[in-house]
Amino acid sequence: MTDKQRKNIPRQEMREQDPLERIANFHEVPYGYSEEQAVNEALRCLQCKDPKCVSGCPVNVNIPWFTKLVTEGRFVEAARKIKETNPLPAVCGRVCRQEDQCEKFCLRGKKGKPVSIGSLERFVADFERENEEVSIPEIPKWTGKKVAVVGSGPAGLTVADDLLKRGHKVTIFEALHVPGGVLMYGIPEFRLPKKIVEAEIEYLKKMGAEIELNSVIGKIDTIDGLFSDGYDAVFVGTGAGLPIFLNLPGENLVGIYSANEYLTRVNLMRAYRFPEYDTPVLRGRRVVVIGGGNTALDSARTARRLCPEEVTVVYRRSLEEMPARAEEVRHGGEEGVKFRFLTAPLRFIGDREGRLKAMEFVRMELSAPDESGRRRPLPIAGSEFQMDVDVAIVAIGNDVNPLIQNTTPDIETGRGGNIVVESDSGATRKAGVFAGGDIVRGGATVILAMGDGRRAAASIHRHIMKE
Amino acid sequence: MYEITTKLQLSHSVALFKIKAPKIAQKRKAGQFIIIRINEYGERIPLTIVDSDTTEGTITIISQEVGKTTGMLGALEEGDHILDVVGPLGKPAEIKKVGTVVCIGGGIGTAPVYPIAKELRAAGNKIISIIGARSKNLLILESEMQSISDELFVATDDGSYGHHGFVTQVLERLIEEPVTINMVLAVGPLPMMNAVCNVTRPRKLHTMVSLNPVMVDGTGMCGACRVTIGGKNRFVCVDGPEFDGHEVDFEELLRRNRSYFTEEKMAMEELTYHEGPRCYERNI
């Protein structure tokens, strides 16, 4: 194929479940590429000598190498190439904000659309798994070193992957009854099927990762306790799981959830299949979600599937400032989620039984940019109005989980309780303890947590091997 | 999987279980709780750790059959397994020597009172206990409470045993006698804890209560268990479960605990349909 022909191939679009159909189920929305689409899309890659996409990826997946393999139909080899640096390709291909990472730097994006790197990553990972071609890389002889990983979210899983490949023993401690962190309790089934997360974790277990579930470090054991148990180093990847509430009047009325609670009930506990599963969730008829991030969109699209009449996302800034992935906003819109921008809640109004029945809001306008560079929303006097609401979901962000810091006073914490680390090594101020992901950054993304995990694993290796 | 090593039926709907969980047995302190999930379809429910045996590696819980999950738990026997047990959770109770403590347990609430009262006694306090129930056959842990109390009073709503009436009446009598009381600990149904606080508040008698809101994870990540304490939002699973009773918004908690009334009823009906009449028939 000539370069010209290559350049004329249009970006391949994934087929998706019809919006009217999908709001009645929790099945995944995009169907993924066909083999032919994957090859065509991979052919669009220009195989740059100095690929900027690779440095745009926080775990530096060798993108041109794997897309080359895809063009040759060597899908399984392509998946294995990715797994050299990324243990969760089927996850990342689905949930990364590629428009801000690899795809942002794709040369083809300068004139036209970038190569759909995420879709290709997803395709090869799915192909390998669905064809039962997943194989376990050869693990070097045990170095005699043991590492404890606290938290089994994306950061912890990446640390485990890297350390296992270097011949260390790894035990992951997880507070919940399943591993995966936000991948299991936060991101909904229709965006990230739980079977896929389970399969990627199974792969780590086959590599030798031990996972201790139902183990809340800070309660059943402490960091110091882990060292006494014979671990040579500890990685803390406990995330940002502490929901922030609005602190508005009436916030404890029945029917008001943190997004964490709502999504945990639905995703982790499968309340959408109540009463087959025992955990209930209030469905309501008119649902309001407060916030503008992916969590808000996940909550709104989940609510849409639980059959209410109306789901509205209320955000105090405008569409442009929304931190959610563009695709999620589009999907939400297609599914009938309504958006009310430049609007902020003032109070929750209850009925006699203490159940939410309405909310009061105020219209906002954007003023001059603040120190973060975003224009600050200010209330417009006299623009207050009420809306009937019976379920409200607060999705305005999370603080870091304080359980470890509270029981390990010699770990230095910053403002808001996040753990302070050296940015290049992930080392905390406490010898032998490393940290990464949301516990360090505050609520961020899956792939940034994985990048932190990768860097921390390298420094843990140096630390325990005294290199 | 966590094995049930012992089961004792304490009353027709209340059973004591010893569960094999050596690490929790070793770490737990009075006032803490666990969260269990019975099977793959199960929900997560909180239960107080009543006691532990580090030699056997077991923890003791007491559960009353009030809905589907506790009904299913009540149907388990020795040798059966519980899928998930996580703990110890929550803050340990504050154990100090204050003098005389009146420990009040209402119904199943005696289960959380017992471990704390035991520690308070060991810390050198004089313990006067009042345990109550609707009727004699619903009374639990009487001999255990007896063994750690300097004085024990029993009250039943129907007068079938001990004082005929409420625990609050016994408490008022004690206050009027007068007995010097330095602290009150009360655990039981919300209206009972509220009533105790209404007795002690005007007398400025320090009163601790242990709250029982709806919980999901029990580790502070969702806020399902939030309650207003002294005007501030607190998560019972990490900031509690013990709080100053005079600061608790009981009405709010009562309303929040009824959030899933309809769903809970539906789940029970589902259980009846699938498994035939077993444990729950006695409860409804």
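Positions of Cβ are set from backbone N, Cα and C atoms, glycine also.
Whatever TrEMBL says is automated annotation, not expert-curated.
According to TrEMBL, the protein has these features:
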- B:1-95: domain 'FAD-binding FR-type' (DOMAIN)
- B:Ile62, B:Ser63, B:Gln64: FAD binding site (BINDING)
- B:Cys222, B:Cys225, B:Cys237: [2Fe-2S] cluster binding site (BINDING)
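Positions of TrEMBL features highlighted on the structure.
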residue: B:Ile62; record: FAD binding site; DSSP (3 states): strand
residue: B:Cys222; record: [2Fe-2S] cluster binding site; DSSP (3 states): coil
residue: B:Cys237; record: [2Fe-2S] cluster binding site; DSSP (3 states): helix
| field | Neighbourhood of B:Ile62 (FAD binding site), C-beta criterion under 8 angstroms, separation at least six | value | B:Leu10, B:Val14, B:Ala15, B:Leu16, B:Phe17, B:Leu47, B:Thr48, B:Val50, B:Ile108, B:Ala111, B:Ile140, B:Leu141
| For B:Ser63 (FAD binding site), which residues in the same chain are close in space, meaning a Cβ under 8 Å from its Cβ, but six or more apart along the sequence? | B:Val14, B:Ala15, B:Phe17, B:Leu47, B:Thr70, B:Leu73, B:Gly74, B:Ile108
| C-alpha of B:Cys237 ([2Fe-2S] cluster binding site) to C-alpha of B:Gln64 (FAD binding site): distance in Å? | 20
| task | Have a look around B:Gln64 (FAD binding site) and count the other CB atoms within 10 A of its CB, chains all included. | result | 20
| said: Taking 8 Å from the centroid of the Cβ atoms of B:Ile62, B:Ser63, B:Gln64 as the cut-off, which other residues in that chain fall inside it around the FAD site? | reply: B:Leu10, B:Val14, B:Ala15, B:Leu16, B:Leu47, B:Ile61, B:Glu65, B:Thr70, B:Ile108, B:Ala111
| message | Going by Cβ pairs closer than 8 Å, show me which of the binding-site residues B:Ile62, B:Ser63, B:Gln64, B:Cys225, B:Cys237 neighbour chain A. | response | none
| task | Take the Cβ of B:Cys237 ([2Fe-2S] cluster binding site) and count every other Cβ within 10 Å, whichever protein chain it belongs to. | result | 27
| Pairwise CA distance, B:Cys225 ([2Fe-2S] cluster binding site) versus B:Gln64 (FAD binding site), rounded so that it is a whole Å | 20
| said: For a three-state summary based on DSSP, what are the helix, strand and coil counts in the domain 'FAD-binding FR-type' (B:1-95)? | reply: 13 helix, 44 strand, 38 coil
| field | Average pLDDT across the domain 'FAD-binding FR-type' (B:1-95), rounded to a whole number | value | 95
